[in-house]
Amino acid sequence: MTRFTEMLRDENSDDWNASRNHRFVDEIFRGAVPADVMRRYLVQDYQFIDRFVALIGMAIATADTFDSRIRFAQFAAMITSDENTYFERAFDALGVPPAERSHPVVSAPTSGFQTLMRDAAESGHYASCLAVLTVAEWLYLDWADRPGAVLPGDFIHAEWITLHNNDGFRSFVNWLREELDRVGEAADDDSRRAAAAFFRRAVALERAFFDHIYV
Ligand SMILES: Cc1ncc(C[n+]2csc(CCO)c2C)c(N)n1
């Protein structure tokens, strides 16, 4: 049987492939994202983390097993420590002032993501929370995982890649997919449809987010 997550990705292959093969991905592996583009990207991306952690909180609350709650709790601990310091060091290197780190003007795709994460959390459905989390993680592993690729010298580029292709991240994404497969296969049609709609919105927004940093 085709995996639920495989089916969801296939249903969204246009937006998925446009993201994984995006100009940004090509440029980051070459260490060639223009500084103003990288700066816009990181300033907007940093505005995700708050809602993202809240969404993980709802996944912890609605998960059906203790093992799943532990996985998400450990992941939340990781992103509120290691990942946060990358942003701070990158903002220091790019000269981003405090106000732009904490209260930038939020772009339409960023605000779309914030709404999406809020909607998924407020649905109170584990499968829908999982669908949004899975896109945010799996799509990033998918573009960042290029075995044998030489890393760029600049840490802003290199660490944004290694944050998303290290072994811990890879095994978390694999678990997340298995979890969404498991929950999706057990769910009724309405829950599957709801999760699929969240998956679709998330992939479309990932593409729009990459597109909008090039102005
Ligand atoms: C637009 C956009 N989409 C997905 C991610 C990936 N992502 C978001 S939070 C998180 C967990 C910790 O890394 C990951 C992988 C991103 N950064 N920006």
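Cβ atoms are placed via backbone N, Cα and C, with glycine included.
Database features (TrEMBL):
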type	residues	note
ACT_SITE	Glu206	active site, proton donor
BINDING	Asp45, Glu83, Glu137	substrate binding site
DOMAIN	16-212	domain 'Thiaminase-2/PQQC'
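Counting other Cβ atoms within 10 Å of each Cβ, the lowest count among the recorded positions Glu137, Glu206 belongs to Glu137. Cβ neighbours of Asp45 (substrate binding site) (same chain, under 8 Å, six or more residues apart in sequence): Thr110, Phe209. Straight-line distance linking the Cα atoms of Glu137 (substrate binding site) and Glu206 (active site, proton donor), rounded to a whole number, equals 11 Å.
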